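Below is one structure, written out as structure tokens; comments come after it.
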Amino acid sequence: MTSPPYQPAPRTWVAKFRDAFRGIYIGVRAQSSFVVHLITAALVIALAAYLQVDVIRWSLLLLCIALVLAAELFNSAIEWLAKAIDHAENEYLRNALDVASGAVLVTSIGAAIVGGLIFIERLTAM
Ligand SMILES: Nc1ncnc2c1ncn2[C@@H]1O[C@H](COP(=O)(O)OP(=O)(O)OP(=O)(O)O)[C@@H](O)[C@H]1O
């Protein structure tokens, strides 16, 4: 027997933001690798402050951090969906989960390259 379709009540903007922050909280809690990303982000911010990078480089570094964290949140969302769809082994879910992990890897490599270029340029100019 299938359940009737769930129809959420219309939400206020406050409720939309509350749900979005709830999503961030759940996404962070579900991903053990978030700790690594947060520690890396803190180190990048500390190094950028120490090296006094300019506003353009600050923007690039913060954008990279946001991209990696957003990719992790999407990865977490797909993991929750996968759990809802099937608890048995499923080749399609395996592909979806691996593609989502690949997306996190791609953004992390890109962020590492951008951060590396910015810090190497600043350090060699000192
Ligand atoms: N239902 C399934 N059917 C087939 N393969 C699966 C299934 N669930 C998970 N997997 C495989 O196991 C891997 C890890 O699954 P999952 O991402 O849920 O675990 P995790 O330890 O929470 O991962 P992460 O370290 O990204 O948090 C997936 O990338 C996928 O290859």
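Going from the start of the chain as shown, residues are counted 1 onward.
Yeah, the Cβs are placed from backbone N, Cα and C, and that goes for glycine too.
Residues or ranges marked as transmembrane segment in TrEMBL: 34-53 (among others). Long-range neighbours of the transmembrane segment (34-53) within the same chain, counting only residues 6 or more positions beyond its ends whose Cβ lies under 8 Å from a Cβ of the stretch, are 27-28, 61, 64-65, 68-69, 72, 108, 115, 118-119, 122-123, 126.
Sequence annotations record features per position, and here TrEMBL assigns transmembrane segment to 60-82 (among others).
Among the features that TrEMBL reports, active site, proton acceptor is placed at E72. Listed in sequence order, G27, Q31, S33, F34, H37, V104 are the same-chain residues six or more apart from E72 (active site, proton acceptor) with CB atoms under 8 A from its CB.
The divalent metal cation binding site feature in TrEMBL is assigned to E79. Long-range neighbours of E79 (divalent metal cation binding site) (same chain, six or more residues apart, CB within less than 8 Å of its CB): A30, L97, A100.
Residues or ranges marked as ATP binding site by TrEMBL: E79.
Annotated transmembrane segment per TrEMBL: 102-120 (among others), in sequence order. Beyond the ends of the transmembrane segment (102-120), by six or more residues, the same chain brings 33, 37, 44, 47-48, 51, 53, 57, 60-61, 64-65, 67-68, 71-72, 74-75 to within a C-beta distance below 8 angstroms of the stretch.
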